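Notes follow once the structure below has been shown.
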C-alpha cells in the first residue's frame, strides 16, 4: 500500500522531473520505494487505472508520451537512426576521436550546434512570441542534427573512414575488378558532387552504365567505319583490320626512316649560323645547341659564362662580387644560361 504522503510526493515528482525519470522520482518519494515500484504504481494507477481513464480519455489526442523511448518526440533518440559502430581498432579510434558506443566523434560537423538550445528553458509566463522563438531554435537544431547524420551516412556508405585509414587499398587487392583508366578516374572525380544524392550502389551502377555506353559508342563508330569501307560482314572485318595494320606499319617505318635521314642531314647544317663565328670550337655540343637556340654568338656566351662562374666562386669564398653583366644580356637570356649552367653542374642551385 501507498500512503497519502507518498502519493502526494509521487505527484510532485512527476511534475518536477517529468515522465520517465523514475530514479529521481523514487529518490523524491523516499528510500523505501524503488524506481521499478514507482513506475509500476504510476502506470497502473494514473494511466491505466481509473484515474487514468477519467483524466486521459481516448478522445484526447495528446496522450502521455515517454520521450525517453526510441519512438518519442522531436528530441528523442529516434531523430537519427543509429548506425552500427565502426569496425576499427582502439588506436584508430583514438586517431579519429571516435566513440563507438555513441557512434560520435569528439569534433562533429557544426560543433557548436548545441548552443542553439543549451540555454533554452520553458517558463509559464512566456508569451506567444517567446514560445515561437524557442520553437524556431529547436527546429534549427533539429535541422543541424539531420545534416550531421546525413554526412555520417554518406561517409559510412562510401567507406570514407577506411579510405582515410588506408584500409580500402587492402580490400581492393583482395577483390580485384577491371582496371580503371586515367580518363575514368578523372570522370569519377568530376562526378563526386553526386555522392550526396545517390547511394554508393546507385553511383557504382551509374558509373558502370556510363562505361558500357562509352564502349557501345566506340563499337558503333567502328561498325560505321566498316560500312563506309564497304564491309558488310564481320568475317570480312578481320581481313580488313589485318591489311590496315600492315599499311600503318609500313607508313610508320617510312616515317622513321625519313626522320633519321633528316636528322643526319640536319646535323651538318644545325649550327650553320654560328659555326663560322669566333669561339665556336671552344663550345661543347650542348653549348652549341644552347647558343644556336638563343641566337647568341659563342664569344658572347663564353664572356657571360666566365663572369657568372667567377661571381659564383667569389661568393663561395665570401668575397663580394662587383662584376657587371653585359648590356646585351636581358632577363630571359640570363635565366636560360643560369639554368643551363646549373643543370651542367658549373654552379650550385643556391647560387642560381
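Note that Cβ sites are derived from N, Cα and C of the backbone, with glycine treated the same way.
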237-268, 269-300, 301-332 - the one TrEMBL records as region 'Disordered': 237-268
DSSP residue counts for the domain 'SANT' (1-50), split into helix, strand and coil: 36 helix, 0 strand, 14 coil
